[in-house]
Amino acid sequence: MDTKIQPLPATKHIALVAHDGKKAALRAWCNQHRAVLSQHVLYATGTTGHIIERDTALPVTKLLSGPMGGDQQLGAKIAEHDIHMLIFFWDPLASQPHDPDVKALLRLAAVWNIPVACNEATADMLLSSDLMQCEIDRHLPDYDKYLATRMDK
Ligand SMILES: O=C(CO)COP(=O)(O)O
């Protein structure tokens, strides 16, 4: 796969997601990192977004609830370069009825090479990075070249 470099902007669109067993942890984490998060643009799955907005007063664009399609909506936004970072406190001790959607979201985050944190320790490291405040280069699939090779089939 050919790749190209496309910058992630200094003001990042950050997706916030937590499974039910991790919602309290994400809410506490958002309060702890409120100052940094307030400099970026926040998105979330439905329930997570409502809780964060209510308890931190940070503005959040709320999509559908995860089991109703919210993970898939976030995945589509990653593929369209509308989301630049994913903080996903998924619960390793509970199975989810929408596990395929969760896997698809994490897969698209890997395809499009955005920073992802799946636990609090990694999320702390991401938010404390100097790179949160600057534009950063990332390699991502060169979709035009990918399409051109497929057209030869
Ligand atoms: O299920 C989720 C992620 O897979 C989160 O969805 P909610 O934020 O609606 O609970």
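The count begins at 1 with the first shown residue.
In case you wondered, yes, glycine gets a Cβ from its N, Cα and C as well.
Some features that TrEMBL has for this protein:
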DOMAIN    6-153  domain 'MGS-like'
BINDING   HIS19, LYS23, THR45, GLY46, THR47, THR48, SER65, GLY66, HIS98  substrate binding site
ACT_SITE  ASP71  active site, proton donor/acceptor
(request) Just report the maximum Cα pair distance in Å for the recorded substrate binders HIS19, LYS23, THR45, GLY46, THR47, THR48, SER65, GLY66, HIS98, no decimals. (result) 17
(request) Would you please pick out, from the binding-site residues HIS19, HIS98, the one with the fewest other Cβ atoms within 10 Å of its Cβ? (result) HIS98
(message) Let me spell it out: for each of the binding-site residues (THR45, THR47, SER65), count the other Cβ atoms within 10 Å of that residue's Cβ, using every protein chain shown. Which one has the most?
(response) THR45
(message) Quick check for the class: what is the C-alpha distance, in angstrom and rounded, between ASP71 (active site, proton donor/acceptor) and THR45 (substrate binding site)?
(response) 7
(request) For the residue listed as 'active site, proton donor/acceptor', just count the other CB atoms lying within 10 A of its CB, please. (result) 29
(request) Would you list, in sequence order, the residues of this chain other than HIS19, LYS23, THR45, GLY46, THR47, THR48, SER65, GLY66, HIS98 that have their CB within 8 A of the centroid of the site's CB atoms, where the site is the one recorded for substrate? (result) VAL17, ALA18, ASP20, ALA44, PRO67, GLY70, ASP71
